[in-house]
Protein chains: 2
Amino acid sequence: MKKHILIVPGDGIGQEVTEVGKAVLVKIAEKFGHEFTYDEALMGHVAIEATGNPLPDETLEKMRNSDAILFGAVGHPKYDNDPTAKVRPEQGLLKMRKELGLYANLRPIKLFDELLGASSIRPEILKGSDILFFRELTGDIYFGEKGRKNDNNTAYDIAEYSRYEVERIARKAFEAARTRGKRLCSVDKANVLETSRLWREVIQALAPEYPDITVEHQFVDAAAMMLIKDPKRFDVVVTANLFGDILTDEASQIAGSMGMLASASVGDSTGVYEPIHGSAHDITGKGVANPLASVLSAGLLLDISFGLKEESEAIISAVDKLLKDGFRTRDIADATTPADKVLNTQQAGEELLKRI
Amino acid sequence: MKKHILIVPGDGIGQEVTEVGKAVLVKIAEKFGHEFTYDEALMGHVAIEATGNPLPDETLEKMRNSDAILFGAVGHPKYDNDPTAKVRPEQGLLKMRKELGLYANLRPIKLFDELLGASSIRPEILKGSDILFFRELTGDIYFGEKGRKNDNNTAYDIAEYSRYEVERIARKAFEAARTRGKRLCSVDKANVLETSRLWREVIQALAPEYPDITVEHQFVDAAAMMLIKDPKRFDVVVTANLFGDILTDEASQIAGSMGMLASASVGDSTGVYEPIHGSAHDITGKGVANPLASVLSAGLLLDISFGLKEESEAIISAVDKLLKDGFRTRDIADATTPADKVLNTQQAGEELLKRI
Ligand SMILES: [Mg+2]
Ligand SMILES: [Mg+2]
């Protein structure tokens, strides 16, 4: 198979982990006889520093011309403590989602048995959890009009959803449920929000087309609680942009570490695959970041954008072997991990490549 | 002390648990020589059934004329599955908050040692957690304009905060932090939302007035994760209405059971004290609801609205004794609880009164 892959490392540890993710793609191409070509582009804080724009036109052009994008992370702490900054790394992220029509963010939360002990949730509650989140990514309060009024003393943000926006992601979630446990939980706040009432109407209207799927509706506050209390209760979860942002990060802790979780953003055009861990500037440049989420993102990329199931499985099973052999990066090591089994980013990459 | 207390049982198990909460107030008054008078009023689904209005004027009048309100819960499942219902129990709740100026919702999350095993979080992560949430209660997306446009095909909700609204709850949180661990965590989504950027500006502007308090800002998604990963990291948390709704429910699971958690809503006028567990129609009428959150709400009422610390402590220590004596209601019982120690609502009330 001939494919062109764009690498967008972005900020912070994004640089360090996508290097390993790319190495895995190179190894897979070699082993399975594919012809992957690569290019690289700037985004986020590094793009602001270089061009003044968090998503330069050149990057966007390269994105449109690639078959899939392996993405790192964007963000820098200097913006967090400067609420008045006009240009921000996250604007690049939001613009990319809009421009590429990436309306669905998929986050598989599946635990590697070896890591059950890494979570603060009790193993007996966790074991067997396997959740697939569908977070709507281009609507809601993140993209509505926002601003100030009353002499800068009042701030507002408008949340908005159209029937069409809800329906297209709901269909993806219903279809995914069909290939899994046949249960769909739609999360909203329909007892208070009008956008949530529209959301629920659309799910209810679609349900008869999927009679094999059991549909449940949960309020977002109840879901935030239930995710900890009984994660096995969930199969496919579909929810709006803001609620999905919160619940998927919460669920990442169920999985023990953000360092292990991959995500896919898909829609009308090129798909983007990225770890969920963010730029993590506290450990940037130290070479200790866990590259396995970027590696698993590369696996998702092969599966979803190229339909290469066997290749994707080869990556997951290499990660599984690495863990079964006792190796850990610092973030998933514990008191029982021998010092010589704790790997830095580069070592984890090397050990992983041996197992593909 | 002479005080007039309004009991508003509301819907579902609200009826059953406030009966016990009131009995505790009666016992405390007798023991400590206070003169409490009581009245009762309708709200929620029961008020809709009786009057067509979830918060009848008569109830609101009684609320304004009382010194404190012991509240049950409102809600009924029939509205959840009918997104088109025009009159809803929760409207009563929102209106009460606006009319009484209840802009601050306080939720103490403190664990009784005997119940460490009831949580799905590991005991060693939990032990020693003691968090006090301040959730803003009258602004944000819950109260902004909402509606439909484009032939009913687009829904919108407007989130709004004024500097004044943020400042008054922030001051309450700063002041509470002073009497506790001197740490304040403000939760927002300032990397995306304008309301959050205003929120953060106000907190940052107030911080110099409280130089003894260590202030931290967290994004809501990170906070949702951190609450599970390391709950002891938090002391006082202050956040907006929607984020607070989600995080406090999540935190309730940290505490093992919603059945044990009380809350206070305070502001410009009469304070309202209620369990956080909601109307729980699945167990309504079975007599098995845990009344301890209503009992602890009565304790908060005495403490915050009447300044009766000793009386409030007497209630908390009675709950503690009940648990140490091995008694449990069904929701907090586990495999090790002997059958004769599992109490129904009425029995739990009786055992508790013996210990005051
Ligand atoms: Mg997030
Ligand atoms: Mg709630």
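Quick reminder: no glycine exception, Cβ is built from N, Cα and C everywhere.
Lifted from TrEMBL, the feature list:
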| type | residues | note |
| --- | --- | --- |
| BINDING | A:R97, A:R107, A:R135, A:D221 | substrate binding site |
| BINDING | A:D221, A:D245, A:D249 | Mg(2+) binding site |
| DOMAIN | A:4-352 | domain 'Isopropylmalate dehydrogenase-like' |
| SITE | A:Y142 | site 'Important for catalysis' |
| SITE | A:K189 | site 'Important for catalysis' |
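Overlay of TrEMBL annotations on the structure.
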residue: A:R97; record: substrate binding site; DSSP class: helix
residue: A:R107; record: substrate binding site; DSSP class: strand
residue: A:R135; record: substrate binding site; DSSP class: strand
residue: A:Y142; record: site 'Important for catalysis'; DSSP class: helix
residue: A:K189; record: site 'Important for catalysis'; DSSP class: coil
residue: A:D221; record: substrate binding site; DSSP class: helix
residue: A:D245; record: Mg(2+) binding site; DSSP class: helix
Of all listed binding-site residues, namely A:R97, A:R107, A:D245, those lying near chain B with CB under 8 A: A:D245
Top Cα neighbour of A:D221 (substrate binding site) in the set of recorded positions A:Y142, A:K189, A:D245, A:D249: A:K189
For the domain 'Isopropylmalate dehydrogenase-like' (A:4-352), mean pLDDT (0 to 100): 94
Between A:D245 (Mg(2+) binding site) and A:R135 (substrate binding site), the C-alpha gap once rounded to whole angstrom: 7
Neighbourhood of ligand 2 - recorded positions from A:R97, A:R135, A:K189, A:D221 with Cβ under 6 Å: A:D221
Pairwise C-alpha maximum, in angstrom, for the residues (A:R97, A:R107, A:R135, A:D221) that bind substrate according to the record: 26
Cβ neighbours within the same chain of A:Y142 (site 'Important for catalysis') - under 8 Å, at least six residues apart: A:L94, A:N241, A:L242
Number of Cβ atoms other than its own within 10 Å, given for A:R135 (substrate binding site): 27
Cβ neighbour count within 10 Å of A:D221 (substrate binding site): 23
Of the binding-site residues listed as A:R97, A:R107, A:R135, A:D249, the one whose CA lies nearest the CA of A:K189 (site 'Important for catalysis'): A:R135
Those recorded positions listed as A:R97, A:R107, A:K189, and which of them has the most Cβ atoms within 10 Å of its own Cβ: A:K189
